[in-house]
Every structure is written in C-alpha cells, then in structure tokens.
Amino acid sequence: MMSRQVFLCSLGSLYLSLLFVFLLMDVYARPANNSALKEKAADAKDENEILPPDHLNGVKMEMDGHLNKEFHQEVFLGKEIEEFEEDSEPRKNRKKLMVIFSKVDINNDKKISAKEMQRWIMEKTDEHFQEAVKENKMHFRAVDPDGDGHVSWDEYKVKFLASKGFNEKEIVEKIRNNEELKIDEETQEVLDNLKDRWYQADNPPPDLLLNEEEFLSFLHPEHSRGMLKFMVKEIIRDLDQDGDKKLTLSEFISLPVGTVENQQAQDIDDDWVKDRKKEFEEVIDANHDGIVTMEELEEYMDPMNEYNALNEAKQMIAVADENQNHHLELEEILKYSEYFTGSKLMDYARNVHEEF
C-alpha cells in the first residue's frame with residue numbers, strides 16, 4: 001500500500017514537472033508582441049505611479065513609436081469606447097451604433113459624408129482631451145501636497161519614487177540634505193528621461209516649477225505644440241539609424257517586434273511590418289518622397305489637425321464604402337462594426353430595418 005502511494009506521488013510530481021516544462025516552452029515560443037508587452041506593463045504599473053502614459057487616446061502613434069491600434073475606435077466612439085466590449089450583447093451594441101450614426105448624420109440624409117465624419121472625429125478627439133484634463137487635476141493634486149499650485153521637480157521625484165516602493169520620508173530627508181539616492185539603474189534612466197520632459201514642459205521663464213497647465217503638458221504632450229515637437233524628436237531619435245533626423249521606410253519598419261521563433265511569431269511580425277509600411281507610404285509621408293521629416297511626423301501626430309481629421313474621415317469611409325458612393329450608410333457601418341467599434345455585430349442585416 002505504501003509503495004503504491006509513493007508511486008502515485010512520484011507520478012503526480014512527474015506530471016507537474018512536465019506541465020511546467022510545457023508551459024515554459026510555450027511562453028518562450030511566443031513572440032514578444034508589442035501589445036502584449038504593453039498590456040503586461042499596464043497591469044504591473046502601480047495605480048499611484050504618475051508617469052506620462054505611453055498610450056494617448058486619439059493620437060495616431062504611441063510615445064514609443066508604435067502605431068495606435070485602437071485609433072479608429074477612439075476617434076469614432078470618444079469616451080464611449082469602453083461601452084463597446086467584446087462580451088457585450090450584440091443587440092445592445094447595434095442600438096448604440098445606430099444612435100451614433102444618427103448623431104454623425106447631421107443633415108439626416110441617412111448617409112455620412114467625409115465632412116460629417118470629420119466634424120465627428122474632431123468632437124470625439126476633444127472628448128479625449130477633456131478626459132485628460134480631468135485626470136490631470138487628480139494627478140496634480142496627488143503631487144502637490146502643500147496645495148500651492150506649483151510642483152517642483154523634487155516633489156514629483158519623491159512621489160514617483162514612493163510609487164516605486166522607496167520610503168518617502170527617507171527620500172525627502174536625503175533630498176533635503178543633498179545626499180546621494182541609491183537608485184537602481186533602470187529607475188534612474190526613467191528619472192533622467194522624465195527630467196528632460198519636465199524641462200520641456202516648464203514654460204518660459206523656466207523655474208523648474210510646473211503649474212497645473214504645464215503638468216498637463218508633461219503628462220499629455222498632445223495638449224501642447226511644444227511638447228508635441230519634443231515627443232516627435234524622441235520618436236525620431238529612437239528610430240533614426242543614420243542620425244539625419246529623418247526617417248526612411250526601412251528605418252520606420254525596422255523597430256524590433258521580438259524574436260521570431262515560430263510561424264505564429266513570423267505572421268505577427270509580417271503583419272506589423274505591413275501595417276507600418278502602409279501607414280508610412282499612404283499617410284505619414286505627405287509629399288510621397290520616401291522620407292518622413294520632423295515636420296511631417298508632427299503634423300501626423302497632431303490630434304487637432306483638421307486636415308488630418310478630414311483625411312482620416314475619407315480613409316474610414318473607404319474601408320466600409322461597399323457601394324462606392326463616398327458616403328457611409330448604416331448597413332455598411334454595421335457590417336464593418338469591428339473596424340469602427342472593436343465589436344463584431346452578428347446578424348446585422350436581419351435587425352437593421354426593424355431597429356432603426
């Protein structure tokens with residue numbers, strides 16, 4: 001009896017060991033895909049950690065130079081984007097989408113023109129701006145403990161390091177006494193980058209104190225033309241391989257996605273390159289000379305650029321314009337709902353006429 005128990009115990013241990021090995025192999029076989037890394041980083045991030053976010057709603061490119069995959073949904077849905085979830089009931093999402101269609105169609109001709117879509121995109125982008133302003137007020141209060149309406153670099157540094165697990169009282173004491181802070185290399189590198197951004201957000205005359213508006217520029221560079229330029233410089237610096245402060249197509253698509261170790265990873269890499277190539281050639285490179293300058297990238301990144309909004313509206317219409325009349329009918333938007341909302345609505349044709 002005892003020997004059988006030992007045998008079963010050993011068998012169980014062997015099974016768990018093999019399961020662990022297979023799981024480990026699966027993890028290493030997966031490509032280091034950017035969105036997965038971003039989600040992991042976002043989950044791991046402390047909710048009290050006040051950092052400029054990599055992802056900016058309504059901006060076409062992330063701060064790290066990756067394309068914003070949710071851009072179309074963000075500028076079509078605005079702050080309602082969270083209401084369209086994958087597990088939401090399709091019928092409810094259909095009704096929401098029909099309501100949105102009627103709001104975009106301001107002349108009530110049952111179709112959406114590029115001008116109507118442009119107006120809507122600008123309106124939804126402004127919604128994201130207002131959300132960022134509201135969030136900024138909360139973050140600013142958190143880093144302005146004395147409530148004097150200004151935040152010094154040292155005040156921010158203390159709150160940032162405290163969110164990283166450092167003892168806040170010890171940090172304050174060391175800074176007050178000009179003592180050396182024992183910070184790991186990775187955290188120090190983040191601090192150095194943040195300090196550069198802090199200087200950029202500090203409007204003339206520079207005093208290293210940020211008021212609420214300057215702090216908004218620090219966290220959300222899309223709200224400031226000067227900070228937008230700074231963000232573009234950082235992106236070009238990261239992608240520019242020959243140091244000419246311009247981007248060629250090869251430089252733009254050569255940002256590493258991850259180590260390709262299987263066919264699935266190769267497919268992800270191929271799709272990633274294809275998307276970036278299309279965006280470079282058709283959108284960012286405005287004069288189609290094969291080179292993207294800082295000025296072109298800045299125009300591309302500016303979320304309140306009306307010409308960009310019109311261009312985006314035309315592209316969005318082209319995706320679903322099956323009858324080629326350069327307008328969008330309700331049936332077309334419902335059919336291509338995944339593109340506009342991230343939610344796939346099944347049996348749209350059966351329900352459209354009875355619900356609208």
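Each residue, glycine too, has its Cβ placed from N, Cα and C.
Curation plays no part in TrEMBL annotations; they are all automatic predictions.
Per TrEMBL, signal peptide is recorded for 1-29. Look at TrEMBL and you will find 92-127, 131-166, 227-262, 272-307 tagged as domain 'EF-hand'.
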Mean predicted confidence [pLDDT] for the domain 'EF-hand' (92-127): 96
Structural state census, the domain 'EF-hand' (131-166) (DSSP three-state): 24 helix, 2 strand, 10 coil
Structural state census, the domain 'EF-hand' (272-307) (DSSP three-state): 23 helix, 2 strand, 11 coil
Summary of DSSP states over the domain 'EF-hand' (92-127), given as helix, strand and coil counts: 27 helix, 1 strand, 8 coil
